[in-house]
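Peer 1: Dumping the structure here so I can ask a few things about it.
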Amino acid sequence: MNKKHLGIVALFILCFSFALAGKSAQAATTPQETSVSKIAYVDASGRLVLKFADFSDAGYTYTVTNEKTGAKTDTAQLASKKGVLTVSLGQLYSAKTGYKLILTSKDNTKKLTVHYYTGKALGSYSIKQKSNDSVKASWTVSDKIYTRYSLELYLGGNSTVAQKRISVGKTAASASIASSSLKNARYYTYLIGQTTLNNNKTVYYGQGMLKTFDYVKKPAKVKGVKAVPNANAAKLSWNAVSNASYYTVYKSTKSSSGYKVAKSKCTSTSLKIKGLTGGKKYYFKVVAVSQAGGKTVIGTQSNAVLAKIPVVAGQVRNVQLSFDSKKNLALTWSRTAKATSYHILYKKAADSKYKILIKTKKSNYSLAKLKADTKYNIKVQAVTRIGNKVYLSSKTSKVITVTPRQYRDKNYNKLLASQVRSIGYVGNKCIYTTKKYSTEVKTAFVNYKGYSSKTKYLIWISHYTQQVSIFEGSKGKWKMIRTFICATGTAKNHSPRGVFKITYKEKGWFYTSTKELYVTHYKGRNSFHTRPLWNNGSVQNPTIGKPASHGCVRCYNQDAKYIYDKMPIGTTVVSY
């Protein structure tokens, strides 16, 4: 072969290679048809609606073509993950005309082609649940332009997975769906006209109508209801009912009437009804309720069940710490009527659940086995045994908090009282604190000291904390009823210390420009009264909560008036 022939062959091979490359490039950019799930119809305004399963993460472009005239819309964009497309045809719209919508992924690899056929044929559309729980859809046809109708039910407005889809002929005016294929839910239902063109090869989606529908089956009668009596309560249980959203429990003291709701919207199949009276009979019924969307259907009430509430021990009272004969810290309480034994419950302060420390028939228990430096919460629960059944009281005692090492002294009140101190002095300064004693410490102090009073009241002035505490009761049984801050005498003008009593009262001391009101004397001229006031009633010296007076006890107006009005002559005043 000569050089001329070789050149021609080379040129032919080069052109053929370019042609193949062009065809490959063209094939690589041609989008492939996808078959994702979709809902397509023409709405009442003549717009093309497409709800589809996303097939592009980057977004879409689409075009619409009038298949009769060949006219096209401009290419438009659609965001990714949108899943819904509505196209207004505008001047492109024509009745009883086929349109082709092509939705293409932005990377041009996939496309979805949908055909529409315009025209109004549906006059009305309704969907109802029948007495046997099946569903019937009905509609009217004004123009037989579609060859069939498709009824589609979805569990989500934009869902593209049909729960049920049925097709009927062009003359049909209704369709039924068996209850077995549905569940309690809100459905989105579409009635869509369809036709075929191009020799019955292409399906065209026509006029569509959308309705939401709440489908709820009536729940069955609740069975297997049991009621187990307990202390001031009853434990109910029953068999689950399919399709039930929740249960309503009713109670009555009569078997056939007077039922009221004891608990609504119970989502489990058991329930404890509390607050019942021992010795009474209670009847209970349970009903299943089904709910979906805005629709609620109530089932038939169960048969009544009876629970006779036993008479059992109530709350254990007067639980307190003491010391046993071996000087060990102990817990004591008052015996409770109907109690046959007691459970002592305890937990470490940091724990969440109580455990049983001991079961006992006594009304006391030594806490010697507890760890000395651990903080515990302890309470007592009464137990009643009737025959072979054991009932725990519905309420436990108050909680006692204790760290055993803090209670080694044989007298509990003595230990608390030892926390109280008198005022001290350094040079011309008073030693006092703004911290306050607890009610427990204050009460223990006056009771341990054995103070008495000729009246049912006792007043304690604490110089160290600058507080006045008022108690009601009698020797050894004082209970605090009021406490407030005060201002006692300064280091140069001490308030007297000791045990005194109220001797007489004056309405006030009045000077040229100042006054002090509600004067209650307890030792000579030493008394309780207000802070110094100007004659117009405003405060001349507001100091309180620290030593400031010439020996009297200054109080807020309302506190001085309380002592003046409420504390009788002869009431003991402890100044410490």
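Cβ from N, Cα, C; glycine included.
So TrEMBL lists these for the protein:
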| type | residues | note |
| --- | --- | --- |
| ACT_SITE | H529 | active site, proton donor/acceptor |
| ACT_SITE | C552 | active site, nucleophile |
| DOMAIN | 218-312 | domain 'Fibronectin type-III' |
| DOMAIN | 315-407 | domain 'Fibronectin type-III' |
| DOMAIN | 457-576 | domain 'L,D-TPase catalytic' |
| SIGNAL | 1-21 | signal peptide |
Peer 1: Kindly assign C552 (active site, nucleophile) to one of the three DSSP-derived states: helix, strand or coil.
Peer 2: coil
Peer 1: Could you state the whole-number distance in Å separating the C-alpha atoms of C552 (active site, nucleophile) and the residue listed as 'active site, proton donor/acceptor'?
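Peer 2: C552 (active site, nucleophile) and the residue listed as 'active site, proton donor/acceptor' have their Cα atoms 8 Å apart.
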Peer 1: What three-state secondary structure does DSSP assign to the residue listed as 'active site, proton donor/acceptor'?
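Peer 2: Strand, per DSSP.
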Peer 1: Helix, strand, coil: count each for the residues of the domain 'Fibronectin type-III' (315-407), based on DSSP.
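Peer 2: Tallied per class, the domain 'Fibronectin type-III' (315-407) gives 4 helix, 43 strand, 46 coil.
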Peer 1: Can you count the other CB atoms that lie within 10 A of the CB of the residue listed as 'active site, proton donor/acceptor'?
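Peer 2: For the residue listed as 'active site, proton donor/acceptor', the 10 Å Cβ neighbour count is 26.
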Peer 1: For the domain 'L,D-TPase catalytic' (457-576), jot down how many residues DSSP puts in helix, in strand and in coil.
Peer 2: 10 helix, 58 strand, 52 coil
Peer 1: Let me know how many other Cβ atoms fall within 10 Å of the Cβ of the residue listed as 'active site, nucleophile'.
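Peer 2: Result for the residue listed as 'active site, nucleophile': 23 other Cβ atoms within 10 Å.
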